[in-house]
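K.L.:
Sharing the feature lines straight out of TrEMBL:
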- 45: active site, proton acceptor (ACT_SITE)
- 72: active site, proton acceptor (ACT_SITE)
- 193: active site, proton donor (ACT_SITE)
- 9, 20, 194, 216, 217: 3-amino-2-oxopropyl phosphate binding site (BINDING)
- 47, 52, 103: 1-deoxy-D-xylulose 5-phosphate binding site (BINDING)
- 154: site 'Transition state stabilizer' (SITE)
Ligand SMILES: CC(=O)[C@@H](O)[C@H](O)COP(=O)(O)O
Ligand SMILES: NCC(=O)COP(=O)(O)O
């Protein structure tokens, strides 16, 4: 199987930019440099409060991203659905974030929201957009994800990351079982949230059919010490299995 792709989530560069109200770091330059340094995709997660990525950023980035452009967010909130339908990025990742959350903290209940997801996913796929849905490793939600028409699922990997140090094999077990099940149902597999240089190589080695990881917070923190080019190289190396 081909190597898992690295999509760099640049939210936290926007956090730093917004802290002073000007345009440093310049998000366009950051995205272009991430791609030049080896990123195989750029991910953004515009939230309704625009705490980091602003809706305008999405339009400007769409003009320059040459790898894969992945826009994550809750289709029920803010201008998310409007902008992704206009931009038509490579991929949209649907995330069921509630207002005011510190960060994404749950996957979809694809049974409860089955009809809604089917409708949204059909519309987005009709626009030529690949659709992924953020999900926990729970069998019945994986099964229902397949009937929504989603192209891929994105495993919410906070639980893996939290349990990795204590017992890697146990931390990944449910994800492996769900990945096998999802593959049998014809779903592609992405993963993201709290992945870092400690836990990424083990995930890449043991999670079957993993096509893409989107990584932001830890990567940006590492880049503050190690430099962005070096850090992207280290994350790409961790994905070589
Ligand atoms: C869905 C997901 O895990 C990422 O989009 C993550 O939520 C990043 O969002 P923040 O950068 O706002 O934490
Ligand atoms: N989908 C996960 C993502 O884009 C980045 O999550 P994190 O690495 O910032 O936790």
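Cβ coordinates are placed from backbone N, Cα and C, and glycine is handled just like the others.
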K.L.:
My understanding is the cutoff is Cβ-Cβ under 8 Å with a sequence separation of 6 or more in the same chain; which residues meet that for residue 217 (3-amino-2-oxopropyl phosphate binding site)?
P.N.:
9, 11, 12, 103, 194
K.L.:
Most Cβ neighbours within 10 Å: which of the binding-site residues 9, 103 is it?
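P.N.:
Top count of Cβ atoms within 10 Å goes to 9.
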K.L.:
Counting across all protein chains present, how many other Cβ atoms fall within 10 Å of the Cβ of residue 20 (3-amino-2-oxopropyl phosphate binding site)?
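P.N.:
There are 8 such Cβ atoms around residue 20 (3-amino-2-oxopropyl phosphate binding site).
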K.L.:
In DSSP terms, helix, strand or coil for residue 154 (site 'Transition state stabilizer')?
P.N.:
strand
K.L.:
Please report the number of other Cβ atoms within 10 Å of the Cβ of residue 194 (3-amino-2-oxopropyl phosphate binding site).
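P.N.:
The answer is 19 other Cβ atoms.
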K.L.:
Within 8 Å of the centroid of the Cβ atoms of 47, 52, 103, which other residues of that chain place their own Cβ, given that this set defines the recorded 1-deoxy-D-xylulose 5-phosphate site?
P.N.:
11, 15, 45, 49, 51, 53
K.L.:
Only counting partners 6 or more residues apart, tell me which same-chain residues put their Cβ under 8 Å from the Cβ of residue 154 (site 'Transition state stabilizer').
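P.N.:
Non-local contacts for residue 154 (site 'Transition state stabilizer'): 93, 132, 133, 134, 135, 190, 191, 192, 214.
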K.L.:
Grab the 3-amino-2-oxopropyl phosphate binding residues from the record (9, 20, 194, 216, 217) and give me their largest CA-CA distance in Å.
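P.N.:
About 26 Å separates the two most distant Cα atoms.
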